[in-house]
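**Q** First the structure, then my questions, so here it is.
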């Protein structure tokens, strides 16, 4: 059992950035907007968070900066796709190219800087409980935030009026508009929420997961976050499960290698991707359910009839 | 108050004018950025847009760089018209290179003139095979192709890594991760001496023409156009969505596979761990820059290729970091995509007549 | 095209003539050095260290040298164009700093006989193409000695990138060093299948520590594994750069890539007209392999590490001194002999005692 607790701890840190970014993207997509720029927004969040933390010494300020930076990035996207009705897929990819370049430019002065990692929670009695203590009560607050946010998003979508409106906008923008909702305004907000969460995910990388800045440090996690939203069939519960499954298999394959499993490492590295596909195939077989969850208007520009 | 008013018809003038406008705006914004970086903006813009193609070698390199982008984007654009979101062209490219390149390695001492054509066929099959998996999973199990095609990209890349680090490693290469060089019979002939313009570039032009004919003259092209314009209507007419999924993923996969084969049998000449700097992803942008039209894709591919070449030269001659290239590329794309709005809408000043969206 | 060709030929003739004249008069030629990097200089690893070397040229030669670089150049079709553009824009010394640039370097070099090329980590040379690399395995041997002394669990965790000879050689050298002082050391190896993904490298380090490793060695680029070591209270070794800032309590030493002297010397050689095609494989003695200060270890271990380093530099210790057997028990290096450079260059076998399997 000795190995189990540290394994779980590693899985939590590996899954948290994916969960943060994909929770944001889920809301964005539910409103009918497909923003493929998650990777770029994460990178800009990561450097903003790191730069502000390193300069000010305050991680809180850094995290706020990351959130704002992610939102500003998403605003570029929203303006282009929602106001100017540019193509969402292409604009999202362009946003990633822009974000990679922008973060590298800003970050060139911060290469090789070291900062204190985000402190973990420590509640005297609770954290010291054997086995579960550290897992439940010893994480840094972004980990708790990622869980809280995914639950909050689940609650928002299923139990609140706002959630209903958001889904209505994503499923049929013309009807939503006809009833009197401001489709564009709602999509702007959903997109900015996605940007804020991607910024947070970036901050988690540069402040907690691996406290440093290096170019392109997201290494493709934004893409995985995007895939996870599809994997989850746009449901927050499944998103949580998906992010942790991906994290678990990524970490398990490393453990298996370390334990001396004699399979070429490239095949081990394929496992998280293959597992995601296989599980998606299994859960997708029920056609009707997916229809209900997939936002029908995803990726489509909206222009109210006049 | 500025607002957009829909045009009754797409403005033909704007189809051509909007990219020009976008480039002008990029020049202005780019110039400002370069001034901030302490560079002469005119030098910088000259370096990005003119210097790469002010000689015949530069132009030939532009074609070499655009070749895979155009070939892949033509295939992808058909899929995007049918709302088939294949974002795994990178993986299909890799599989094409593995299949076609594998044949060259198997017959590594061949001098047969049939080797190269056979490699084409296998390259296309490899890519189509990798595209067929998302097609099967979507049509049979309803699994979303965005996820499956993307995940399969990672699998393909790792598989290539396994091959060149292990079984396909060059026995005379000191165990470095690279395959044997392909035999001469397995290399694409250069079609213009003194450059790297190879047979694949000629093929790219053929693909553009074929794509155009397919789209404008064939039944399936008609269906693609209708689906693109009015998905609801297409559903009513009863176009079979499954057939579209299969057709576009197989086509996109085969073309991506060929593009991958052209890279390894052309400029690279062997298999190695890295064969594409993300052509499969960049081609997605190219497809939309070209408004999903084959001719547009051709121009989109050339513009995109130009920014890469310009970025390299900006680093060499101006000492600008690569990051600025990315930034500049992003801004250019933003403007190109944004100016597209002018083809469908007219900019009006004044308060809107009807109550519309203000945002 | 034809006019161009004539012009170019003429230019080449003139240039050759000028060069001959220049050499006759022993006049110094200004250096314009171009660098091709495989990664961003912001990676704080491999490419970053080469860029430090580039800056050293500018610092050492002042007005007589200008340098430029192209970063994040993919190892595919693009490399050839970038190298050629450097040659065409008047660079007379071009460093291509990744194995994947080997074939394009050799190809472009044939077309620019007056330009000098320097390719890192490859094996193809030409009249105007030199190769250079560093014997990082010497540093890894020293690291192994330290690890052998420092480990309590007798388990070393090793984060690898890809199973290429460079990395395999490093693992072997490290274990030979460790076993020279402690025959009970075992190594656990995880391949991250990337040179650079801080998160994944860190996770690999965690997996190794969770399985009992109390020494962390890495052959990937980011400081993440060492940061993990710091966090988990174990010790380890930095890679490419001195990473002490990232792990003040955990870094024992770092095997630093130190190209400065070599780069300056080669630039000077171009200036003086003494540049020749050579194959350099510099070790600790040349300064190319630089050991960061020995920290976080008892004095006796530090003394031993310094002694080992000195003995390797003087040639008294060769990390791969026979007899050395491979995993199958076959004698690869005979008693009284050292491994040849060719054997080291293509090393694709583990030494006896390593409990892992190399992909074939």
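Cβ atoms here come from the backbone N, Cα and C positions, even for glycine.
Just lifted these from TrEMBL, have a look:
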TRANSMEM  A:6-26  transmembrane segment
TRANSMEM  A:33-53  transmembrane segment
TRANSMEM  A:59-80  transmembrane segment
TRANSMEM  A:92-115  transmembrane segment
TRANSMEM  A:135-157  transmembrane segment
TRANSMEM  A:188-207  transmembrane segment
TRANSMEM  A:213-232  transmembrane segment
TRANSMEM  A:239-257  transmembrane segment
TRANSMEM  A:263-283  transmembrane segment
**Q** Do the transmembrane segment (A:6-26) and the transmembrane segment (A:239-257) come together with 3 or more C-beta pairs under 8 Å, pairs six or more apart in sequence?
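**A** Contact between the transmembrane segment (A:239-257) and the transmembrane segment (A:6-26): present, because at least 3 Cβ pairs are under 8 Å.
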**Q** Would you say the transmembrane segment (A:135-157) and the transmembrane segment (A:213-232) are touching, if the rule is that at least three C-beta pairs must lie under 8 angstroms and be 6 or more residues apart?
**A** no
**Q** Sequence gap of 6 or more, Cβ distance under 8 Å, 3 or more pairs: do the transmembrane segment (A:92-115) and the transmembrane segment (A:135-157) meet that?
**A** no
**Q** Same-chain Cβ contacts of the transmembrane segment (A:188-207) under 8 Å, 6 or more residues past its ends?
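**A** Same-chain contacts beyond the flanks: 16-18, 20-21, 23-25, 27-28, 30-31, 33, 35, 38, 41-50, 53, 59, 62-63, 66-75, 77-78, 82, 115, 117-118, 142, 145-146, 149, 166, 169, 213, 217-218, 221-222, 225.
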